[in-house]
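What TrEMBL says about this one:
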type: DOMAIN; residues: A:524-552; note: domain '4Fe-4S ferredoxin-type'
type: BINDING; residues: A:C533, A:C536, A:C539, A:C573; note: [4Fe-4S] cluster 1 binding site
type: BINDING; residues: A:C544, A:C563, A:C566, A:C569; note: [4Fe-4S] cluster 2 binding site
type: DOMAIN; residues: A:554-583; note: domain '4Fe-4S ferredoxin-type'
Amino acid sequence: MKKVLLSGNEAIARGTYEAGALVACAYPGTPSTEILETITQYKDINASWAPNEKVALEVAIGACFGGARALVTMKHVGVNVAADPLFTLSYTGVRGGLVIVTADDPELHSSQNEQDNRNFAKFAKVPMFEPSDSQEALDFTKLAFAVSEQFDTPVFLRTTTRISHSKSAALLSERPTDIPVPKLERNPAKLVMLPGNARKRHVIVEQRTLDLEEWACQQAFNRVEKGAGEIGVITSGVSYQYVKEIMPDADILKLGMVYPLPKQMIRDFAANYETLYVIEELDPFIEEQVQAMGIKVHGKDKLSVCGELTPGRLQAGLFGKSLPLEDTSADLPQRPPNMCPGCPHRSVFMELNRAKAYVTGDIGCYTLGFMPPLSAMDTCICMGASIGNATGISKVLSAEEQRKVVAVIGDSTFLHTGINGLLDMVYNQSAATVIILDNRITAMTGRQENPTSGYTLNELEAPRVDIEQLCRAVGVKHVQVVDPYDIALTRKTIREEMARPEASVIITTRPCMLVPRDNIERRTPLFVDHDKCTGCKACLRLGCPAITWDEENKKSNIDKIICTGCKVCQQTCGFDAFQECGEKL
Amino acid sequence: MNKVTNILLAGVGGQGILLASEIISEVMLMAGLDVKKNEVHGMSQRGGSVVSHVRYGEKVYSSIIPEGEVDILFSFEMLETCRYLPLMRPSGKVIVNDWKIAPPSVALGQQAYPENIVANMRQQFADTTLVNGLVLALEAGNAKTVNTVLLGALSNVLEFDRDLWLTALRKMIPERLLAVNLKAFDLGCQTK
């Protein structure tokens, strides 16, 4: 067996391969995205990006009903989107094994909330594994497929950012050679969830959870690690590592499966200790269930429900110890993420700011339009919400105020769940304006293909959806397509459509600067002619990382190493100070 | 006793920090040690603050370095070095690249970039090495090898065989860029 360094996400991909899965499907979402990207190296697995998590799960369900093992991956909020099929899939059970990865994001490193998806396991009555490192991520993925088939249930594998993006050593095995060939097999009483069938299945689901609970008490993935025998700790996932770090002498009940809990095992363990802790991130998910068993434990009385756990936070919560050095970092200039140099979204937000638009926002790189100096975003809830939010707010405003309302949404987010909002907007005759920021890629998560890209996950050519025709087909009468590098046209179009007392769509079309295949033309970087620059700072309103203010000379400068030559800044300058360097990048 | 060494890499998105931490981890794995590394992807790509934790020893549990236990702060940018100093062991070492990248508030002229960073750092951490990464990278022949120059400087303070570093570089760096990176690594090794 070969030992290699793998991230948790790479380990899940490997586990899926070693489990003999034939299908893997996902919508990208941090911190889950790299699982599918890694799976593309295993050509025996049919891997694809779906337009959203609900479709991804439905595709995986289809593959599993066909008899294949199937994986579906998503970030925590993706499970909200996929919840509809999930809850009924719990009733039908599976044919081939089906594993759902939920990659949670405590601390909101790259998310809009920090929901604890262990609650979904209990809510949907679906068993859930939780690995503590990459080796377990690989092993538990294989185990999850086996459990799925053994207990006729979908199985969750839950990671957190620190598991998905940490690398640690893992041992690799081979893929089985005797993978069954899928073929049709009818079983409508199990798979057609009409009330008469579903009532019977519900009874089976309840029994299944009881069976799993009993079985889990005998399995090695739930284990006791003996310490000094004085303090007992129940823990799982990444929290286990912090407990080992901070409480090396504690006796530990390490749970590999967090739902259903092995209740008898917990009772037996708890009986040995005066002082018992449950150490877990986010919600008191295990703690409340243990307390409901009549066992007294400490947990969230010492540790926060908010944010991720760290070794330091665990130490401070339990023992009150703090940093050896004073924290001197508070006053330093912050370095938040920013739209890239040459980003086609930048000019749109500068113009929305100037037009004093009330902008309902959405999820993507363009959410950074919130940051100063662009400062042009007023709401952001979830994938696809911008259009419905614009319709709703327009319903309650005067005709004059309605004109200020603009929804912004990226191509990928529009196809994810924004299209439904547009249907409603047209059907119910809202007067709001929608801007679709079309850069042909799902950029925020690291540039994944989508139906507007013209390519698949495997970088094979694919049909490209025509967003303009799609909007017209939905019934939008006024659709304008503009190049956001043309500021005058972008400004004129935004103002025209904002003033229009009818639903309208503006599509700003420019590929993401970071996608090489869409940016064949190399452009020359610009420089600022200091004889012409008056120091008016108009260009700084773009917030381009390539433009910096020279405090000494009171002029702007361009960093030609990162300037992409988009020339948007040139159009903001009233004094012709932005000139081409004359050297190609 | 299980001794774990903790290296915190810090810098700005796009500086090649994640590749550097990958190479360090590979060296530790080849040396037969347990190793874990941790970083957060996603927002960091867009010019944001980037940090990567590398821990190695006989057995490593947490992939995040416990606060106050950073042995080596290995930094690619001046200001970012300051941000993570509070996480250090009082006896820790600092290796810092002589390079300033203005964050948005400084670029817009709203805030000043901190001054006298290295002098202040030396007062607190006597073992501070300043590396002129860009100058050495240009000497090697490619401005994009700054991270490899810095790895050379780091290899000076870690007790691992030079061959392990070279093997890791050969494994992780594409063939066409290997020669210039090996040169950059050597120039980094020569810094004191």
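Glycine is no exception: its Cβ is also placed from the backbone N, Cα and C atoms.
Any TrEMBL annotation is an automated prediction that lacks curation.
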Cα within 10 Å of A:C533 ([4Fe-4S] cluster 1 binding site) - qualifying binding-site residues among A:C544, A:C563, A:C566, A:C569: none
Additional residues around [4Fe-4S] cluster 1, ordered along the sequence, whose Cβ is within 8 Å of the centroid of A:C533, A:C536, A:C539, A:C573: A:V528, A:T534, A:G535, A:K537, A:A538, A:S556, A:T572, A:G574, A:F575, A:A577, A:F578
A:C544 ([4Fe-4S] cluster 2 binding site) versus A:C573 ([4Fe-4S] cluster 1 binding site) - Cα distance in angstrom: 14
Listed in sequence order, residues with CB under 8 A of A:C569 ([4Fe-4S] cluster 2 binding site) and six or more positions away: A:L526, A:C539, A:L542, A:C544, A:I547, A:I558, A:F578
Intrachain residues whose Cβ lies under 8 Å of the domain '4Fe-4S ferredoxin-type' (A:524-552), provided they are six or more past its termini: 338-341, 346-347, 350, 353, 371-374, 558-565, 567-570, 572-585
Long-range Cβ neighbours of the domain '4Fe-4S ferredoxin-type' (A:554-583) (under 8 Å; 6 or more residues past either end): 341-342, 344, 346-347, 350, 485-488, 513, 523-530, 532-542, 544-548
Listed binding-site residues (A:C536, A:C539, A:C544, A:C563), ranked by Cβ neighbours within 10 Å, top entry: A:C544
A:C533 ([4Fe-4S] cluster 1 binding site): tally of other CB atoms within 10 A of its CB: 21
Least buried by Cβ count (within 10 Å) of the binding-site residues A:C566, A:C573: A:C573
Cβ-centroid neighbours of [4Fe-4S] cluster 2 site A:C544, A:C563, A:C566, A:C569, 8 Å, sequence order: A:P341, A:G342, A:L526, A:L542, A:A546, A:I547, A:I558, A:T564, A:G565, A:K567, A:V568
Spatial separation of A:C536 ([4Fe-4S] cluster 1 binding site) from A:C563 ([4Fe-4S] cluster 2 binding site) - C-alpha basis, Å: 20
